[in-house]
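K.L.:
The structure is given below, and queries will be raised subsequently.
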Amino acid sequence: MAAGRPVRGPELAPRRLLQLLLLVLLGGPGRGAALSGNVTGPGPHSASGSSRRDVPVTSPPPPLLSHCGRAAHCEPLRYNVCLGSALPYGATTTLLAGDSDSQEEAHGKLVLWSGLRNAPRCWAVIQPLLCAVYMPKCENDRVELPSRTLCQATRGPCAIVERERGWPDFLRCTPDHFPEGCPNEVQNIKFNSSGQCEAPLVRTDNPKSWYEDVEGCGIQCQNPLFTEAEHQDMHSYIAAFGAVTGLCTLFTLATFVADWRNSNRYPAVILFYVNACFFVGSIGWLAQFMDGARREIVCRADGTMRFGEPTSSETLSCVIIFVIVYYALMAGVVWFVVLTYAWHTSFKALGTTYQPLSGKTSYFHLLTWSLPFVLTVAILAVAQVDGDSVSGICFVGYKNYRYRAGFVLAPIGLVLIVGGYFLIRGVMTLFSIKSNHPGLLSEKAASKINETMLRLGIFGFLAFGFVLITFSCHFYDFFNQAEWERSFRDYVLCQANVTIGLPTKKPIPDCEIKNRPSLLVEKINLFAMFGTGIAMSTWVWTKATLLIWRRTWCRLTGHSDDEPKRIKKSKMIAKAFSKRRELLQNPGQELSFSMHTVSHDGPVAGLAFDLNEPSADVSSAWAQHVTKMVARRGAILPQDVSVTPVATPVPPEEQANMWLVEAEISPELEKRLGRKKKRRKRKKEVCPLRPAPELHHSAPVPATSAVPRLPQLPRQKCLVAANAWGTGESCRQGAWTLVSNPFCPEPSPHQDPFLPGASAPRVWAQGRLQGLGSIHSRTNLMEAEILDADSDF
């Protein structure tokens, strides 16, 4: 150290004067050169004295300021090159280097400092400082002190030194070591050794890509925590599971579309939207396998890893993939909550006519599409989208796990709680219906309830399992991420050979990353995500789906499907009633039913229960004979009854018009009505086809029915009982007479009870046919329906 070297300043001048005198007398150029300090040491030129080394002639240096120099013992340079650049002077001193006592030791320290070559921006500014301290210019027993500006220029780019080891005391920018405004010869040296980045860092001029405290270098695009073989293994894994998920969800979507008219019913149609979300998400995962797409997605133009997206200087490929994957994932999990809620409310309404989801579907869509949109916009606003070469996509929180916890785990955890609550309540509702009301359930409905409870249980178990796996894998990442970053930083420093302050000559050990994430955990995490999509698609793995595709194939190829169809009774009767006019002309005509009339559960079997009707379906083969059944029951009449009221009618005003039809009543009712006829005028029978003949007999007049009737159709032939209008004298007992209109019968030419002079009494039927009105009255039809309600058609 300089403190151990006594310097006798006054004795130096006579000694130097004596040396100059000897030089002039002897004329030895070699010795003069040696004394001038411009050679590196003994050599052939100085030994023989026959040759001379030319010294470049330079302009005299400016006078050294008093505060810019310090007295020192000058030594001839043993190494005239500092960090690859030639020095323009021949003498130096080790006074300023506090960790070196000789030029050899100073040279060894410079070799260690040369590890900063792997930090390009730091290396560009620290080279002059190191040469000015370890190999300063020394002349006339005074050493030049480097300026404070030269020292401070290294603080920013070389922050890694301060962070890792700290600056030595003699390199701290203190005024006694680095005075202000001092020129230095080293500042004029052009250092031609450019810095480079050691793998896994790459050179970049983008400040956003710089690795922390290593300006000019960024992390390479390929994740250094995983090997190349692990990258290939993970990519094959993603390709396989992504393809399976995409195909399963695509099959589900196609099944719904093939039978959309029957499948577009809540809550089953919610599974269509859930599978659509997972299908779009799988497309985002598989996009990396297009030619050159993965590098475009996860890498920046300078070859560094993407993080902190979106940025204005890069393409939108990373952001697009993030939006596709994240938005689809969040929309899918929100739809899952809506699905469990719809199941819960639908099961509660079983056995009633109440439609709990009516009017709520718009709110379902508003919630499921807007909430993921808000989360996506929030992530893009805070610029926390990062790329990952292992997964091949861009996602939130690869760099900062706190954002991944807030934008991924928090929504999924909330979905698990809410969806699990509704799912458990739905299963409990089904179990309660089955246990407490066994008599209300048909065998088919009970079987559907058992099947649905089993499927809901399996589905709930898978959902809880996949969410638990996702949380476990993320917590594994969160708890170990700091250790992985530390291990990677040590690896970077080892590769850069930054060993500041460790004066050792031991060989540098092999650099390796000691702690790395497990590839198996990453695979399990991806399996949970892809497995959720596959589980959502299993709801259409039913026999009903096979029937749908069979009908679709027959429809596309033009072949007929000979399998008997199941048709709802209500649809069948409505079909026959709508064609009553055609069937009246041709009673043997068969009804044709389109595929849209056919009743089936849709692709999601087991979610539609009919607890009130034990046999809601009938065979399509039997349905072809529905015309005979309708005719036998009197549903097809010569009059238009298409608007017959279904509720209790309100009695109209008592006036004769086309909407009131006379009907025969029982004798008991006739007696009661006879008293009222004294207080009101007798009414004449109205016949729409011809004027009613004037009545002159004293027979009891049928009372006006209070049931509203439709206008009569034109006169048509039909069968009526002859004894309802005449006596046995005019026709045989039990014989039938063909009349034009049962409501306006044609009188017999021998005797007509409505013509003047007719004295035959009316014959009223007794028993089941007695006391009833005409054969086509509303009362007669209703009783016939009640009596034949249990008959087999």
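Note that Cβ sites are derived from N, Cα and C of the backbone, with glycine treated the same way.
Checked Swiss-Prot, it gives:
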- D99, Y398: cholesterol binding site (BINDING)
- 69-185: domain 'FZ' (DOMAIN)
- 35-61: region 'Disordered' (REGION)
- 674-703: region 'Disordered' (REGION)
- 33-237: topological domain 'Extracellular' (TOPO_DOM)
- 287-318: topological domain 'Extracellular' (TOPO_DOM)
- 384-406: topological domain 'Extracellular' (TOPO_DOM)
- 477-528: topological domain 'Extracellular' (TOPO_DOM)
K.L.:
Using a Cβ-Cβ cut-off under 8 angstroms and a sequence gap of six or more, which residues of the chain neighbour Y398 (cholesterol binding site)?
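P.N.:
In sequence order, the residues whose Cβ lies under 8 Å from that of Y398 (cholesterol binding site) (at least 6 apart) are F307, D386, G387, D388, R404.
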K.L.:
Which bits of the chain, at least 6 residues beyond where the topological domain 'Extracellular' (384-406) starts or stops, bring a Cβ under 8 A of a Cβ in it?
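P.N.:
The answer is 221-223, 226, 230-231, 234-235, 238, 284-285, 288-289, 294, 297-299, 305-310, 318-319, 321-322, 325-326, 474, 477-478, 481, 522, 526.
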K.L.:
Just how many other Cβ atoms lie inside 10 Å of the Cβ on D99 (cholesterol binding site)?
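P.N.:
The Cβ of D99 (cholesterol binding site) has 17 Cβ neighbours within 10 Å.
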K.L.:
Looking only at DSSP and grouping its letters into three states, which state does Y398 (cholesterol binding site) belong to?
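P.N.:
Assignment for Y398 (cholesterol binding site) reads coil.
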K.L.:
Would you mind listing the long-range same-chain contacts of the topological domain 'Extracellular' (287-318), meaning Cβ under 8 Å and 6+ residues beyond its ends?
P.N.:
202-206, 208-209, 218-221, 223, 235, 238-239, 324, 380, 383-389, 392-394, 398-399
K.L.:
By DSSP, what is the split of the topological domain 'Extracellular' (287-318) into helix, strand and coil residues?
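P.N.:
Here the numbers are 11 helix, 4 strand, 17 coil.
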K.L.:
For the domain 'FZ' (69-185), jot down how many residues DSSP puts in helix, in strand and in coil.
P.N.:
46 helix, 16 strand, 55 coil
